[in-house]
Each structure stands twice: as structure tokens, then as C-alpha cells.
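S.K.: Checked Swiss-Prot, it gives:
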COMPBIAS  1-20  compositional bias 'Polar residues'
COMPBIAS  70-80  compositional bias 'Polar residues'
COMPBIAS  203-215  compositional bias 'Basic and acidic residues'
COMPBIAS  217-228  compositional bias 'Low complexity'
COMPBIAS  268-285  compositional bias 'Polar residues'
REGION    1-102  region 'Disordered'
REGION    193-228  region 'Disordered'
REGION    254-299  region 'Disordered'
ZN_FING   99-123  zinc finger
ZN_FING   135-159  zinc finger
ZN_FING   166-190  zinc finger
Amino acid sequence: MEELSGPSSDTLATVESSSNEPDKEVASPDVAATATLSSVEEPGPNPTATPPVWDRGGPLQQVACPVPDSCQTSSTTRGVGTNEDLRLPRRRPPPGKQIPCSSPGCSLSFPSVRDLAQHLRTHCPPTQSLEGKLFRCSALSCTESFPSMQELVAHGKLHYKPNRYFKCENCLLRFRTHRSLFKHLHVCIDHGQNPAPPPPPALDKEPPVPERPPESDPSSSLGLPFPLLEPFTSAPTGPFLPYLNPAPFGLSPPRLRPFLAATPGPPTSSTAIWKKSQGATSSPRRPQGGSDAPSGACR
């Protein structure tokens, strides 16, 4: 009866433990929520320790990674490798960088390109003539002299005009440019070293016209008053008349007389006939009533 009157200590312990279990199960979601909040609010690595992305040459916008611990290393390596390869080259040097002079023997450096350009002018001064030195013109029959090379070049344009030419000293041929003259000199020198080719054969001269024998001269045999002219054997008519009997040697008969004066004359018989006919025609008139009058004449 005493055992039933009051619960034992063991039963009380079991009841308390069973009553506390729902409380623990109810409180477990709260603990999980606080754990997730703490994990989200847990700060990552110090942002000041990692330089911003634009300093490493990447884009200006930065996207937060959902898992900062896992993608921290990948973002740094990715920004250094690919972004630097794809970006445009920088025209302006970063602040604090000095640009060295590229002239040999000069170790100066400048913060900007403008300062470097002004410094380079000291290494490349404009061309100036020496004091007291005169530049003379090299053209023939020209005695002009100038204090600077620029004036001499401007003066040289007066001698060498666009229609200038270059002459070969061997064959006296003229060329427009030096290159064409040099090409010709190779050919001209080769021809000068080789023996000259034989001259081309002269044109065949026209065979001399054979002289007619004296016996075949019809004028001498007929006793014509003009032995130098060829008589026409017939009287041809038509448009071919001037082509049938052309003058010998292509000259008119009056112009042939000095050339044919040295030719042998006709035989003695024809000469006698010529003199006889000439004497008969050119005999002087006899006076009328003279002693030489014919016997049958009227007195």
C-alpha cells in the first residue's frame, strides 16, 4: 500500500524526461534558424585586404559569390589571367610610373609623354649649317653659293627640271631616269667588249645601162636633125602614151646633153650626111645678077 500511495523516484524521472522531449523537439527549429542566420551574418575575409576587381583590370561591377570561401581563390586567379589578356592596352601609364628616354646613352625618365617628346627634341636638333661655311652649286657654269643646305637644294631645282635626261657617254643615248640608264649601260658595255658585228651588206647597185652600139642608133642612120631624141616608130594613142617611151635615166633630153657629150659620136658617114644637110640648109644667099648665077636665069 505504501508503494501505491506515492510515485517512486524512478517513475518521476522517466515522466520528467518524457515531458522534456517535446520541448527539445520544439526548440530545435529555432536553433537551426539562428545557426543559419549566424552563418549568413558571419563576415568573410577582410575586404580591405583583397584589392577591388577594377585594380586588377577586371570589370567595374562585382557580383557576390554565394559561397565566399569556395570561390574566393577562383575569382582572384580568373581576374588576373583572362581579364588582363582581353583588355585593351593602356595608353596612359599608371600614376607614379616613369617613361625612360629611348635615346642611346640617356638615362632620363619622365612622368608623361609630353615631357618625353620635349626632351627628345634636344637629341634631334634641326639641321643647321656651320658658321662661315658656304655650299656651292655643282652645276656647270654656275658660281652660286648658299649659307645652308636647304637653300642649295631649292636652287638645285632650277637646274634639274622635270624634263631632264641622262645621257650615255658611249652611244650618246638619252634616258629619263637613272634606272633606265643603268640598265642600258650593261647592254652598252657588253656590246663594247664584244667585237662589232659586220656591217650590213650594201644594197645591190643598179646595173649600168648598156650603151647602144653606134650602128643601132636610128637617128644617125636616118639623118634626123635631133639625134639625141628617140623617134617614135609608131603613133600610139590612149592614156598609156607617156609610159611607152620614157626618157632615158629619168631625165629630160636637154639635161642629158652634158652627160652624153663624151660618148663616142656616130660614124663618119653619118657625120658627112649631117654636115651636108646642115650646109645645104645654112648656105648664104647669092646676090642676084652675079657671075655665079645659073645659065637659065633671066637677066
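Using the three backbone atoms N, Cα and C, a Cβ is placed for every residue, glycine included.
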S.K.: Is it possible to list how many residues within the zinc finger (166-190) are helical, extended or coil according to DSSP?
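M.R.: Residue counts for the zinc finger (166-190) by secondary structure: 13 helix, 4 strand, 8 coil.
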S.K.: Using DSSP, how many residues in the zinc finger (99-123) fall into helix, strand and coil?
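M.R.: Its residues divide into 11 helix, 4 strand, 10 coil.
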S.K.: May I have the DSSP-based helix, strand and coil counts for the residues of the zinc finger (135-159)?
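M.R.: Taking the zinc finger (135-159) as a whole: 11 helix, 4 strand, 10 coil.
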